[in-house]
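**Q** Dropping a structure here in structure tokens format, bear with me for questions.
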Amino acid sequence: MGFLKPTMAILFLAMVAVSSAVDMSIISYDEKHGVSTTGGRSEAEVMSIYEAWLVKHGKAQSQNSLVEKDRRFEIFKDNLRFVDEHNEKNLSYRLGLTRFADLTNDEYRSKYLGAKMEKKGERRTSLRYEARVGDELPESIDWRKKGAVAEVKDQGGCGSCWAFSTIGAVEGINQIVTGDLITLSEQELVDCDTSYNEGCNGGLMDYAFEFIIKNGGIDTDKDYPYKGVDGTCDQIRKNAKVVTIDSYEDVPTYSEESLKKAVAHQPISIAIEAGGRAFQLYDSGIFDGSCGTQLDHGVVAVGYGTENGKDYWIVRNSWGKSWGESGYLRMARNIASSSGKCGIAIEPSYPIKNGENPPNPGPSPPSPIKPPTQCDSYYTCPESNTCCCLFEYGKYCFAWGCCPLEAATCCDDNYSCCPHEYPVCDLDQGTCLLSKNSPFSVKALKRKPATPFWSQGRKNIA
């Protein structure tokens, strides 16, 4: 016990040091120490900040080679310099070391933002929220304070922002009409809404509204939880229609006044251009930085207001609570361009709900248990595993291993395997790459021996 107390004290001091390093990375060095940011920090000091950032964002174990770590460190240093130079200008918004601080802007855009998608067919533009002379709207509104906005969520590395934007708007109108804030399932949209939308490869909110209407409702996040990967549609959960909507409409385009009128009545799905470096590293304040109108990210407008004479929108993102203002962004409102900041007024849309949800049918039956994955007549792996041959001769496999992922890549070393999102095996580094020569990698998984079933193998074959 005598050894335990000093150890705990050392750990506590280390944690304080880490916390201080992270805080220092967000406040300019000039403010804290009175020296120039450019060249003001030593290499060791920046490395300390970087190591603390890795721990904070759970990336400490994600770099599997010194070359990769050195490359990420150089990118981090450049982003840190960009953050400090911006914050020294005392503008309306501040930057910080977000979860994207070790990515170049090209990497950030290619991994976390979807390609621009054009809606097929005409928009359902309605005059319901068209701005008119004489409209009396509140000076500010925040649907979070009215209980119509669920907790900030995190889409992860899946390009499913469209699903989070859709669900956020549906959760909002459902609470406004029924009084119940029910957290709904983005994963159901990712898995099941595949007629036009493409799961982790992008989609549009209007198509997702159409899916919910045609399906007769959508399930809860609790019963159909988010996984962050494309999956097979669970038909039983798809038929659990907990929350319904009756229709959807589009806000008149290129009109921030019409968008204001819409947001005064309910949370609104919006699309914006989020690919700029300042957006990548946004920390707080009213964002009025450089951005265009190449819409590549779906979010939710949940309010608006004014601070020190500057109008803003309140926007809920889907990158977790560590990004921005606890997961939110304030964007400049009433700018000179009719498209709004970052194109916010180009494609806003919203669900319509006229009445209560269907009666609660009680607990739904669990989804059927999937059978084991069958490797051949003599070996099986657990459900949702991939069979990988351990020993083969000619065309025959004499021993099987199990990779604990669906649709995995079996590496040629007969020992490891890779997720289907990172299908390229790097046997030298023991990692899986997003593509050949890609900077993005994860650690390769080990196979486990398959289960033999000598006596009943043939009996179980369908």
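Cβ coordinates come from backbone N, Cα and C, glycine included.
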**Q** Choosing among CYS291, CYS387, CYS388, CYS389, which residue does Swiss-Prot name as bonded to CYS342 by a disulfide?
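**A** Partner cysteine, according to Swiss-Prot: CYS291.
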**Q** Going by Swiss-Prot, tell me which one of CYS161, CYS192 is disulfide-bonded to CYS233.
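**A** Partner cysteine, according to Swiss-Prot: CYS192.
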**Q** Tell me the Cα distance separating CYS161 (active site) from CYS375 (disulfide bond), rounded to the nearest angstrom.
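**A** Counting only the Cα atoms, the answer is 36 Å.
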**Q** Quick check: of the recorded positions listed here (ASN90, CYS233, HIS297, CYS387), which one has the Cα closest to that of CYS161 (active site)?
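**A** So, spelling it out, the nearest of the recorded positions is HIS297.
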**Q** By a simple count of other Cβ atoms within 10 Å, which of CYS387, CYS402, the disulfide-bonded residues in the record, is least packed?
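**A** Taking CYS387, CYS402 as the disulfide-bonded residues, the minimal 10 Å Cβ count falls on CYS387.
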**Q** Need the DSSP three-state call for ASN317 (active site) to compare against my parser.
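**A** ASN317 (active site) sits in coil per DSSP, no helix or strand.
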**Q** Where the distance is taken from Cα to Cα, which of the recorded positions HIS297, CYS342, CYS381, CYS402 turns out closest to ASN317 (active site)?
**A** HIS297
**Q** Which of CYS158, CYS200, CYS233, CYS291, CYS381 has the fewest nearby Cβ atoms, counting only those within 10 Å, among these disulfide-bonded residues?
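**A** Counting other Cβ atoms within 10 Å of each of the disulfide-bonded residues CYS158, CYS200, CYS233, CYS291, CYS381, the minimum falls on CYS233.
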**Q** Cα within 10 Å of CYS381 (disulfide bond): which of the recorded positions ASN90, CYS158, CYS233, HIS297, CYS387 qualify?
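**A** Within 10 Å Cα-Cα: CYS387.
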**Q** What whole-number Å value do you get for the CA-CA distance of CYS158 (disulfide bond) and CYS233 (disulfide bond)?
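**A** CYS158 (disulfide bond) to CYS233 (disulfide bond), Cα-Cα distance: 16 Å.
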